[in-house]
Amino acid sequence: PPPLQADSMSHVGNGSLTTHVLNTVTGLPAAGLVIRLDQLVEPGPQWKELAQRHTDMDGRCQPLLAAGQAKAGTYKLRFETAPYWQGLGHTSFYPYVEVVFTITDPAQKLHVPLLISPYSYTTYRGS
């Protein structure tokens with residue numbers, strides 16, 4: 001997608017949004033997993049896609065929101081877990097994982113790690 005443009009009425013901060021996906025079966029990073037970032041269009045319930053990335057060999061990707069792109073609002077990270085597990089010869093109970101969160105301070109850097117197995121997942125606000 002094209003770079004995000006600041007809305008003249010919105011406060012735009014210097015924060016960024018990153019993630020890190022780890023395969024808890026192997027203890028290794030989850031490489032090649034597709035991640036999409038959407039923002040809730042207020043008052044909802046429509047979502048607008050902002051970015052799509054693939055994790056690298058370290059289970060990381062380029063920031064989903066670069067410095068200066070974050071705005072206060074509700075966001076959703078969607079991790080396409082079924083194709084990842086299928087590529088490893090496994091069936092996943094969860095076809096995807098969606099993590100919905102709110103950015104209240106656009107200047108803060110946010111990190112949202114995801115730990116996955118075919119039958120469970122865990123996420124938390126990282127640093």
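Including glycine, each Cβ sits where the backbone N, Cα and C put it.
Per TrEMBL, substrate binding site is recorded for His20, Arg60, Tyr124. Same-chain residues at least 6 positions away in sequence with a Cβ under 8 Å from that of Tyr124 (substrate binding site) are, in sequence order, Val112, Pro113.
Break the domain 'Transthyretin/hydroxyisourate hydrolase' (13-126) down by DSSP state and the numbers are 7 helix, 54 strand, 53 coil. The feature domain 'Transthyretin/hydroxyisourate hydrolase' is assigned by TrEMBL to 13-126.
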His20, Arg60, Tyr124 bind substrate per the record; greatest CA separation between any two, in Å, is 16
